[in-house]
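Undergrad: Here it is, the structure in full.
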Amino acid sequence: MPSPIRVAILGATGAVGTELLELLASRNFPLADLKLLASPRSAGKTLEFQGEKLPIQVVDGSAFKDCDLVLASAGGSTSKRWAEEITKAGAVMVDNSSAFRMVPEVPLVVPEINPEAAQNHQGIIANPNCTTILMGVAIYPLHQIQPIQRIVVATYQSASGAGAMAMEEVKHQSRDILAGKTPQAEILPYPLAFNLFPHNSPITDNHYCEEEMKMVQETRKIFAAEEIRITATCVRVPVLRAHSEAVNLEFATPFPVDLAKTAIAKAPGVKLVEDWQKNYFPMPIDATGQDDVLVGRIRQDISHPNGLDLWLCGDQIRKGAALNAVQIAELLVERGWL
Ligand code: A2P
């Protein structure tokens, strides 16, 4: 049994923060102390943890002393603002934001794929982008059998990726539309209820949006495979909290469908969900609240002899964010890498 450690959650009141809290409790994480940090907006509020009301503290320079580990999920600018204080205080930061993911010396870790990368951390470990984690756990078992040469992916991303307030906004918009009113968009750029739009992250110089480029760059870093060719189209859809992805994979030689199914069925973190008779495959409502990424519709690509198609759904807040971060924390504790 590893020694209990002192943990702080930065962004404890958010969609991912509250899930982190739930996971630390349900997974019996070895805690010596738990500190909940958020913005001045949350001053005076409390959150329940294992039947106890814990106060939310406003983050400041002294917040990280007496911490061994900080699980950060308060956005990139907040992570950048506090990273130095956290590491100077001697704590390790598992950062859910994109702030440090592509920094060469910062490990970008999915425990089912590259746990060893975490060992070389220098105080910060990055938790990958949600769509990247979900796709990564689903296709890595195939990549281990035969290296993937090219990935073409289209995502169907839920409101949760934009935070708890975006989820509330979609509910309000839905109620307004059903009541015959015009929906308002304040958190997301356009009304999402009964609608969809290409992902709302900034467009980069090559006309891909940042979310799409995260999938390209982060997948290569996690797989340690710079040679994989990847193209992505990311779309926001009016689903509350699980993402879906249509993935086309290309290999050097044909990849038998049965072998792909067997590999996915026995891989950690994924579950094969297919009933071809009933046309039943992974759906966001079934993935919601689940730890595993649901994978199905695995089939031969009829347009390419070396191609495979598959469909996946995964809980964006859980494996796409909070669960992966807690699994990284567990890895650090179990292997003594803190
Ligand atoms: P708060 O609730 O006090 O605003 P989400 O991703 O669901 O939108 O959640 C974002 C989380 O990050 C919330 O817990 C939010 O706290 C926190 N947060 C946002 N800005 C800051 C900040 N400047 N300092 C600390 N926490 C922040």
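For all residues, glycine too, the Cβ spot is worked out from N, Cα and C.
TrEMBL: automatically predicted annotations, no manual curation.
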Undergrad: Of the candidates Gln149, Gln157, Gln290, which does TrEMBL annotate as part of the substrate site that also includes Glu210, Arg236?
TA: Gln157
Undergrad: Looking at the NADP(+) binding annotation from TrEMBL, with Thr13, Gly14, Ala15, Val16, Arg41, Ser42, Ser160, Gly161 already listed, which candidate in Gln300, Gln316 is the matching residue?
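TA: Answer, per TrEMBL (NADP(+) site with Thr13, Gly14, Ala15, Val16, Arg41, Ser42, Ser160, Gly161), from Gln300, Gln316: Gln316.
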Undergrad: For the C-alpha pair, I'd like the distance in angstrom between Arg41 (NADP(+) binding site) and Cys130 (active site, acyl-thioester intermediate), rounded off.
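TA: Here the two Cα atoms are 26 Å apart.
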Undergrad: Could you tell me which of these recorded positions, Arg41, Arg101, His243, has the fewest other Cβ atoms within 10 Å of its Cβ?
TA: Arg41
Undergrad: Provide, as an integer number of angstrom, the distance between the C-alpha atoms of Arg101 (phosphate binding site) and Gln157 (substrate binding site).
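TA: Cα-Cα distance, Arg101 (phosphate binding site) to Gln157 (substrate binding site): 20 Å.
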Undergrad: Which number gives the other C-beta atoms within 10 angstroms of the C-beta of Arg236 (substrate binding site), all protein chains shown included?
TA: 27
Undergrad: List the same-chain residues at least 6 positions away in sequence whose Cβ sits under 8 Å from the Cβ of Gln316 (NADP(+) binding site), in sequence order, or say none.
TA: Cys130, Leu134, Gln157, Ser158, Ser160, Gly161, Arg241, Ala242, His243
Undergrad: So which of Ala15, Arg41, Ser160, His243, listed as recorded positions, have a Cβ under 6 Å from an atom of ligand 1?
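TA: Result: Ala15, Arg41.
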Undergrad: When the domain 'Semialdehyde dehydrogenase NAD-binding' (6-121) is classified with DSSP, how many of its residues are helical, how many are strand and how many are coil?
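TA: Computed counts for the domain 'Semialdehyde dehydrogenase NAD-binding' (6-121) are 34 helix, 33 strand, 49 coil.
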